[in-house]
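A.B. asks: The structure is given below, and queries will be raised subsequently.
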Amino acid sequence: MHDPIVTMKDVSYAYENKHALNKINFTISQGSFIGLVGPNGGGKTTLIKLLLGILKPQHGSIELFGVPMNKFKHWNKIGFVSQKANAFNLGFPASVQEVVSMGLTAKVGYLKFFTKEHRQKIEKAVAQVGMSEYLHENIGDLSGGQQQRIFIARALVSDPELLILDEPTVGVDAENVKKFYDLLHQLNNDSGITLLLVTHDIGTMTHHATDIVCLNKHLHFHGNPSEFSSLSDKDLSHFYGHPLNLVTHNH
Amino acid sequence: MIANFFEYEFLRNTFYTGLLIGLIAPLLGTFIVVRRLSLIADALSHVTLAGIAFGLLLEKKYILGGVITPFYAGMGFSVIGSVFIERLRSVYKAYQELAIPIILSGGVGLSVIFISLANGFNTDLYNYLFGSVSAVSRSDLYSIIVITVIVITVIFLFYKELFMLSFDEEHAVVSGIHAKRIHFLFIVLTALVIAASIRIVGVLLVSALMTLPVAASIRIAKGFKQTIVLSIIFGEISVIIGLISGYYFEIPPGGTIVVTSILILLLSISIKKLKFNLSRKKAIQ
């Protein structure tokens, strides 16, 4: 068992008295690939915002890499690909290289400039997602799947140990979704990056993830995919708050 | 013709000022356009008009006029207007564009009040509305040089943060960029550039110099830096041709600069279309 890099203890969060998360306890171990599933409004995005420090827990505590969140400084250890990443202004005249460079902006710091070493890192991250030939193309000229790869490169360029992805395959066609999961697999297995992927695609996650976490305001399930697959439809319907049948597939 | 611009001091001041605003207006304009804030320039230019009217009123009616010139009053109002826009955008988070008509109408309303308090103005106001080739004094030129240095320095130092905020504000905030402070700095710079540009292009056309060169370059540029460089080149061409033709035909330069910018824009649209048709033809063959 690897060391936990994220530990949430009794974490609760409410928006104007409406509970989004209630007493959540869970850990993310180094090297794991966690599929975070649950119904809309179940608190998945809230949990991610808490992990990214955008929201502060109203109750309970969070530790990142063994450090209490309020003292955590090494945000470059956490990469993030948002749900809205592929909903950017398509006409924005930014090249792939420029988009990926944004992943280093905070790390480089104010009043400092990109060096040759940073540019090499950018090229390496673009190569890692298999998009080297598009380095100088405008991001808006690429397909949805290619754009998503570029946003992953932007998250990878700062060498994160934990990569959080919030429904990154929304609007991406089936073929590119498969390539996308292959890429995640490679990042997890070959580069050892811990992944937390928010998705509605439970069936696919059971084939790729090492852990499944099911969230609907409470943490209903945290275990391996085979345990999750063996849950009865009645249990799943209870977790989701509505009838649900689990169909697993590989793509 | 061009020789006149170097022979007479007032024309020299205008020419140098034109070159400076041809640089800083499209430079800042690139960030404004990609952030879909083009109308902010219009709102701030109308607030600047209120400041100029206030300055002209002081000049006409009170002794303070010598201290607070219309140029400085316009600049002050523009910066205050930019602060108000930011406040309003945070109050109306779901309707951020509301800040623009509120500030724009406020600027026009105040302008009307100051103009009527002064019982109307002479040709000075006309020059401020449409620009003038003869309205730039040496002290105006010095102020615009200072503004140019400030704008270029700030953009140079905070380029990567401004670029990130323009492309993806959410990601910038998650990464720990101080989005509010940087945006505030940016909007104050915008206010300064508008105040600086008004002497040449005028209140009614200043936003055109910030947006038209960018609209032209965005069609053909690859990457953000190239967009900035092309915008500045188009801005400078517009200013030089606009100033010279404005002087030659005795037309306010605001008009000739904007018409030149539009011609460049049409040309870039045609080039893009031609390129697209050619590549499609190639693909079919």
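Even glycines carry a Cβ here, placed using N, Cα and C.
Quick paste of what TrEMBL says about this protein:
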- B:15-34: transmembrane segment (TRANSMEM)
- B:39-57: transmembrane segment (TRANSMEM)
- B:63-86: transmembrane segment (TRANSMEM)
- B:98-121: transmembrane segment (TRANSMEM)
- B:141-159: transmembrane segment (TRANSMEM)
- B:180-198: transmembrane segment (TRANSMEM)
- B:228-248: transmembrane segment (TRANSMEM)
- B:254-271: transmembrane segment (TRANSMEM)
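Describe the structural context of each listed feature in the structure shown, including burial, neighbouring residues and relevant distances.
C.D. replies: Remote same-chain partners of the transmembrane segment (B:15-34), defined as residues 6 or more beyond its termini with a Cβ less than 8 Å from a stretch Cβ, comprise 5-6, 40-41, 136, 140-141, 144-145, 147-148, 151-152, 155, 162, 166-167, 186, 189-190, 193, 196-197, 199-201, 206, 209-211, 213-215, 217-218, 224, 227-228, 231-232, 234-236, 238-240, 242-243, 253.
Tertiary neighbourhood of the transmembrane segment (B:39-57): same-chain residues 29, 32, 65, 68-78, 80-82, 85, 97, 99-101, 103-104, 106-111, 114-115, 117-118, 121, 124-125, 128-129, 187, 190-191, 194-195, 198, 203-204, 206-207, 210-211, selected by CB-CB distance under 8 Å and a gap of 6+ residues from either end.
Sequence-distant contacts of the transmembrane segment (B:63-86) (same chain, six or more residues past either end, CB-CB distance under 8 Å): 40, 43-45, 47-56, 99-100, 103, 106-107, 124, 128, 140, 143, 183-184, 187-188, 190-192, 194-196, 198-199.
Here the transmembrane segment (B:180-198) has long-range neighbours at 17, 20-21, 24-25, 28, 31-32, 40-41, 44-45, 48, 51-52, 71, 74-75, 78-79, 81-83, 85-86, 128, 131, 143-144, 147-148, 150-151, 154-155, 158, 161-162, 165, 206-207, 209-210, meaning same-chain residues at least 6 beyond its ends whose C-beta is under 8 angstroms from one of its own.
Note on the transmembrane segment (B:228-248): residues 1-2, 4-5, 11, 14-15, 18-19, 21-23, 25-27, 29-30, 131, 133, 200, 209, 212-214, 216-217, 220-221, 254-261, 264, 268 of its chain, located 6 or more positions outside it, place their CB under 8 angstroms from a CB of the stretch.
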A.B. asks: Can you tell me which parts of the same chain pack against the transmembrane segment (B:254-271), counting only residues 6+ beyond its ends and a CB-CB cutoff under 8 A?
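C.D. replies: For the transmembrane segment (B:254-271), the sequence-distant neighbours (Cβ-Cβ under 8 Å, at least 6 residues beyond its ends) are 130-131, 200-202, 204-205, 208-209, 212-213, 215-217, 219-220, 234-235, 237-239, 241-243, 245-246.
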